[in-house]
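Read the structure below first, then the notes.
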Amino acid sequence: MDGLKPPSWLPGELARLAVEAARNETSVVGAARLLAERLLLGSVYPKLLRSSEGLLVSGDHHAFTVMGEPLGSTQDERAGNTEAAGRLVEELLDSMHIAHGKVYVSGSDLLLSQVKKYAREDVEKTSRFSGIGTFIVLLVILESVFAVILPYVGIFLGLLVGGAIIYLAASHGIVSLDSQTHALMITTALGLGADYAAYLVHRFREEYAKLEDAREAARRALRRAGPAIVASALTVIIGFGSLLLGWEVGFLRRMGENIPVTVAAASLTLVPALLALLGGRRWFWWPRRPSRERRVGRESRVMRLLTRYEAPLFAVLALLIIVSGHYYVSFKGTHDMKLMLPESAPALQAFNVLSEEFAPGITDPVYVAAVLPHSVWEDNSTAAMLDGLVDKIAEVPGVYKVLAPTRPHGVKVSIGEAARSGGRRLTSSGGRVAVIQVILGVDPYSREGQEAVEEIHRVAHSYASSHGFTVYVGGAPYGVLEMDELLHKLYYHRILPAAALLMILVFTVVFGSLVAAVVALTVIIGAAVMGIAASILLFQDLLGKPVLWFLNIVAMMAVLGVGMDYNSFFLARALEECHLTGCDPKKSVARAAGAVSLFIIGLSLVVTVAYASMMTASNTGMREMGFTLASTVLLAGLMASYLLTPLAISLLGRAAWWPWGMKKRIEH
């Protein structure tokens, strides 16, 4: 080994073995073997072990790692080759009769491949729960088996039309589509299409109870429910279409291109025509026929009670939203995708062993590339300057070991020894570009790891700037941080403001009220921030589990769609009742709540049950997503039907419909 000083015992041992070989007391080969074993075991191996501890060999010398880059053009191929490498190592150890425990394999490709595998299994399981739950809730709110089935007929026809349009556009290269966007496109259209169709059936039931004429009831239902459906569909189309403003990120662009088309197709439902044909049949309404007494002019006693204390209730809600908003804006989730794996996943078990026996950051180092003014190998001042940067990085809390051209094994050596012992593999051929490999002593994707990566970035750029050279920070841990920053910047600086302004514009045009539009948007924001706050309190504070970093964006995106539905349905009825009652605020709100609030709660329960079924998943990440989305949607339904929206309208009276809502006739 280069740089190894000959041990003091070597000359005497050489002389002794030479004499024994001359006397034929041992063979030359045997003497050489004895000398090699003593050299290796006494001098070379200890030095290798010391320089490799925590990297290739565990601290107790009972475990070792084999590191490499798996071959393959796809993630699944690389994951398969990673597993094959593990089996090969186990076979080699067995063939050499080396006693060993379990052989573990891990790596980013294998980890992500297993995340997808377990996600598919969890989706299959949760789909069964959500399907059964959705059917039961729809049956309760529509009160008819056939009325539950009918919306899906129109939805599937809408999906066929929307899917055909997307297929034609994709086949001509106008849009791009991947499997994740395709799945989200279908589920979004199904969910929102079910809302629109169920709303029409609900209104048809009320009109049919008064008219007992299916065709006329279908016509009136479409005429009176149409504006609310149009407003809702337009806001959802705007919400997803606004994702095109994040064109730099591929999956945002794909969602923005495709989902609005299927939502538009799903809103052009055939349910009114089917209701006109079938809605007058007695069997259609089994087990409960429409009843005029149960449907028309009913005031909600719950809403009457709530409006008595509207001011303090409104103040409490505002306070809850403000407190939750603090949790939302200060939210810092974890980038640890291992939360998407069950505890029994092989890749997760391997990672846990690596974290216990070796440095946790060994599989995902942070890289710092330094572009230097001169070659490290030809200019001592440049080498010293690089060494200074390495020293600064090594001082960052959470850093376990730093490898660099001047210290290829993590320990500072002379420039000559560094060049001989592997330092050149960490520089370009000319020596002006040096790579520093930083291995963390904490999980790179934990909160402590994120803080360490951010500090490494800050220290590296600060040092390079003051010494006149350039650095670039990379590696998977920093790449995840950059993606986090980019997504949040795009969503909160571009996408959400544009979507919010356009949604307010649509609601103002349809309902004639800027005030009601702002109230509806407040419900959306309030539900999202309260949902995130509930998740942080439950998972992070009570259960001690980190919360996924993207949940705040996912919660806001989910509630933008369904939450505007709920507000649209209530506002349309409230405006109609305001006209009918001479805009008596308490009476109009109570009548609107009696007509649609329980129905809106039912619709929110449909989506809530679908999301809550994710809590039956095998991993913590899916449970967090399920709880966050379910609580957010349920809160949106409650605030739109009984709490924030009705109380705001009751408090403001005629001012709630400013500027021209009272002049605009909206029939529900």
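Cβ atoms are placed via backbone N, Cα and C, with glycine included.
Database features, via TrEMBL:
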type	residues	note
DOMAIN	53-295	domain 'Membrane transport protein MMPL'
DOMAIN	340-664	domain 'Membrane transport protein MMPL'
TRANSMEM	135-168	transmembrane segment
TRANSMEM	225-247	transmembrane segment
TRANSMEM	259-284	transmembrane segment
TRANSMEM	305-329	transmembrane segment
TRANSMEM	491-511	transmembrane segment
TRANSMEM	518-540	transmembrane segment
TRANSMEM	546-571	transmembrane segment
TRANSMEM	592-613	transmembrane segment
TRANSMEM	633-657	transmembrane segment
- prompt: List, by number or range, the same-chain residues at least 6 past the transmembrane segment (633-657) whose CB is under 8 A from its CB atoms?
  reply: 302-303, 306-307, 310-311, 313-314, 317, 511-513, 515-516, 519-520, 522-524, 526-527, 530-531, 558-559, 562-563, 566-567, 569-571, 574-575, 578, 583, 585-586, 588-589, 592-593, 596-598, 600-601, 603-605, 607-608, 611
Message: For the transmembrane segment (135-168), I need the partner stretch with the highest count of C-beta pairs below 8 angstroms, choosing only from 225-247, 546-571, 592-613.
response: 592-613
Message: Do any residues, 6 or more residues outside the transmembrane segment (491-511), come within under 8 Å Cβ-to-Cβ of it, and if so which ones?
response: 227, 230-231, 234-235, 238-239, 242-243, 245-246, 252, 517-518, 520-521, 553, 556, 560, 564, 567-568, 571-572, 575, 657, 661, 664, 666
- prompt: Hey, which bits of the same chain come close to the transmembrane segment (518-540), Cβ under 8 Å, at least six residues off its ends?
  reply: 317, 320-321, 323-325, 327-328, 331, 500, 503-504, 507, 546-547, 551-552, 555-556, 559-560, 563-564, 566-568, 571, 620, 624, 627-629, 631-633, 635-636, 639-640, 644-645, 648-649, 656
- request: Six or more residues out from either end of the transmembrane segment (259-284), which same-chain residues have a Cβ under 8 Å from its Cβ atoms?
  value: 144, 146-147, 150-151, 153-155, 157-159, 161-163, 165-166, 169, 181, 184-186, 188-190, 192-193, 196-197, 200-201, 204, 208, 212-215, 217-219, 221-222, 229-230, 232-233, 236-237, 240-241
